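J.: This structure is in structure tokens; I'll ask about it shortly.
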Amino acid sequence: MNAPTPAPSPVDVIPAPVGLLAELTHRCPLRCPYCSNPLELDRRSAELDTQTWLRVLTEAAGLGVLHVHLSGGEPTARPDIVEITAKCAELGLYSNLITSGVGGALAKLDALYDVGLDHVQLSVQGVDAANAEKIGGLKNAQPQKMQFAARVTELGLPLTLNSVIHRGNIHEVPGFIDLAVKLGAKRLEVAHTQYYGWAYVNRAALMPDKSQVDESIRIVEAARERLKGQLVIDLVVPDYYAKYPKACAGGWGRKLMNVTPQGKVLPCHAAETIPGLEFWYVTDHSLGEIWTQSPAFAAYRGTSWMKEPCRSCDRREKDWGGCRCQALALTGDAANTDPACSLSPLHAKMRDLAKEEAAETPPDYIYRSIGTNVQNPLSEKAPL
């Protein structure tokens with residue numbers, strides 16, 4: 001009699017994805033220096049057509065995806081954004097519009113509401129208009145954002161304000177909280193900059209010092225207590241000052257997938273920075289095939305790829321080793337422990353790097369733009 005085949009370890013079983021980040025376009029009227037989009041942005045001519053996006057959404061629903069984040073760039077720059085949103089509603093997918101609120105966003109909002117948009121997440125670069133427009137690189141953006149937010153709440157749509165925090169606006173954290181209350185937002189994200197994409201290029205310009213970060217955390221914690229039942233405040237702390245890393249994207253290939261404007265499917269925003277990974281496109285494979293069979297998704301899924309100290313750490317199934325892209329950028333090896341972790345031998349050096357950059361006079365922003373040959377000022381620096 002043959003022995004029964006042992007059941008696979010729970011961490012080796014491929015779970016169903018929960019969320020899909022649909023990067024519909026990289027076009028955006030804002031030029032934020034912390035943008036998580038890649039340095040080489042997809043042009044309009046390379047974007048997926050409407051029918052392909054509708055197929056992708058149908059396949060996502062079939063896989064068990066519950067949430068679709070309609071993002072970019074600025075998703076309302078797509079002329080088919082209403083049709084795409086309507087498809088989400090038809091499939092029972094919860095749709096979250098991640099928007100700058102400028103350009104044509106307001107003009108399309110009522111139509112999006114009419115076809116079943118579920119939620120709006122509005123980026124706000126600052127409270128003071130001049131500062132916000134300096135950060136976003138677009139004049140007269142703030143009044144447009146306020147008009148957009150007002151219409152969102154008039155329609156009865158739940159509104160989340162997203163404020164990416166850095167040294168240029170960290171003093172405005174109390175103001176972001178007050179603004180969220182004033183606008184009738186249900187949720188506020190106080191998200192300290194995560195240094196990938198354009199933020200990595202601009203790290204020296206964006207890095208706050210530790211005392212500023214600690215004070216912002218204190219302010220948020222006090223506001224959470226004061227506004228309990230009125231406003232939910234999410235807080236994302238900067239990795240460079242953290243004790244433990246975040247589970248990037250909920251764990252590589254465990255919860256989320258990111259479809260780029262040209263149809264490349266990624267386990268996380270910055271995965272393309274890791275050399276040697278083979279990414280599959282929705283034009284060549286179904287979403288289900290990509291989720292279960294793509295070499296890129298398999299590369300760091302689970303725990304078998306881990307080195308020490310991650311391999312034997314009791315947190316290995318909590319943070320999944322942290323961010324692979326950050327490990328590569330700062331240590332030279334994507335399989336190393338994320339240096340955001342206090343158990344990494346390079347953790348202290350990461351803290352020192354942040355301290356040094358925060359103490360220096362910030363350089364000018366390198367603004368996000370399509371078609372610009374960006375020279376990364378950190379590219380000549382050796383890893384930690």
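The backbone N, Cα and C atoms fix where each Cβ goes, glycine too.
From Swiss-Prot, for reference:
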{"type": "DOMAIN", "residues": "14-230", "note": "domain 'Radical SAM core'"}
{"type": "BINDING", "residues": "CYS28, CYS32, CYS35", "note": "[4Fe-4S] cluster binding site"}
J.: Across the domain 'Radical SAM core' (14-230), what does the mean pLDDT come to, as a whole number?
T.: 97
J.: Which has the fewest other CB atoms in a 10 Å radius around its CB: CYS28, CYS32, CYS35, the listed binding-site residues?
T.: CYS32
